[in-house]
Amino acid sequence: MATLPSLPGAPDGPPLPSVDELLAGAVAVELPMRVRFRGTQLRRALLLRGPHGWAEFSPFPEYGPDEASRWLAAAIEAGWQGWPEPVRDTVPVNATVPAVAAADVPAVLARYGEVSAVKVKVAEPGQSVEDDLARVAAVRAALPEAALRVDANAGWDVPTATTALARLAEHGLEYAEQPVPGIAPMARLRGALAAADIPVRLAADEAVRKETDPLAVAASGAADLIVVKVQPLGGVRRAAAIVLESGLDAVVSSALDTSVGIAGGAALAAHLPALPHACGLGTAALFEADVCDPSWRPHHGVLPAPGRRAPAPEPTRLDRVRADEAQARWWAQRVSAARAVLAGG
């Protein structure tokens, strides 16, 4: 594995705050979703406040301490260290269309305003390839010139992905994100697409952020580009190093963060030397409520670079989405468990 920036708590890494320091001023929040996304209609997060400002810790409920520890490392970077300097003032952003019915696509797109790229969710459990085709066709009809990308969240096997992408390619795809789980299946799918002359490039997401070695997918030649997310990869600096070491084009995306976390994605995108693709950082449009005023949402298809710190939550908005004491205790336990992993590493 290539050498990447060390995580907090490592002998050569940044200092690791105590549990008390991490939880001082922490606020647990629950953000209602406009539509079901990743199987949820309520996004839960813990906002931390360090000496450098606000930070977000929001690993999904099913993630154990090992995986959550990288999310905590990203929060420590944001709140206790600060992000690296940007090299650009704005970053381009795509719209994201969840696995909604084709008839609902125009309403989803209307929340984003002017965009030049759209990511469409496909392979939703309980839905069919026909549902996916109808959804993508509706996006293409609404935005004939937009760059279209689909995201299967590893929901297909290789034969299904090959068949589905052959049909979806008729609408013109920029790339397909993680159609199948794992690096070896991605490599087989890439070979199958090439053999069948199906012109769809593959982007690795889960095969980057869920692997022990986030660079393995690039080294194996299983993907044409990678998707990078700040929280799952341990912070802006670590994600940037992964992009540079991979040698592949990268797309910066959110982990369904609040505006505090989305600003971290914008900080990464603004820091990278090259940014050839629109970023998946427009997901605040999927929330009914958010913690910042204004929300960290794109205007005319771009987000501003946040500088070296996250935006502060607006107190009234924060109170409206504040979770109950049971949720706060649950988050405190997760912080403690994730910190223990960092302390032992």
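Just so it is clear, glycine is given a Cβ too, placed from its N, Cα and C backbone atoms.
Residues or ranges marked as active site, proton donor in TrEMBL: LYS121. Here the Cβ of LYS121 (active site, proton donor) has 21 other Cβ atoms within 10 Å, regardless of which shown protein chain they belong to. In three-state terms derived from DSSP, LYS121 (active site, proton donor) belongs to an extended strand segment.
Take the CB of LYS229 (active site, proton acceptor) and look out to 10 A: across all protein chains shown you find 25 other CB atoms. Among the features that TrEMBL reports, active site, proton acceptor is placed at LYS229.
ASP151 (Mg(2+) binding site) counts 24 other C-beta atoms within 10 Å of its own C-beta, drawing on all protein chains shown. Look at ASP151 (Mg(2+) binding site): DSSP puts it in a strand. Here TrEMBL flags ASP151, GLU177, ASP205 as Mg(2+) binding site.
Taken from TrEMBL, the feature domain 'Mandelate racemase/muconate lactonizing enzyme C-terminal' applies to 102-196.
Highlighted in sequence order, LYS119, ARG149, VAL150, ALA152, ASN153, ALA176, GLN178, ALA203, GLU206, VAL227, SER253 have their Cβ within 8 Å of the centre of the Cβ atoms of ASP151, GLU177, ASP205, the residues recorded for Mg(2+), and are not part of that set.
Counting other CB atoms no more than 10 Å from each candidate's CB, the binding-site residues GLU177, ASP205 peak at GLU177.
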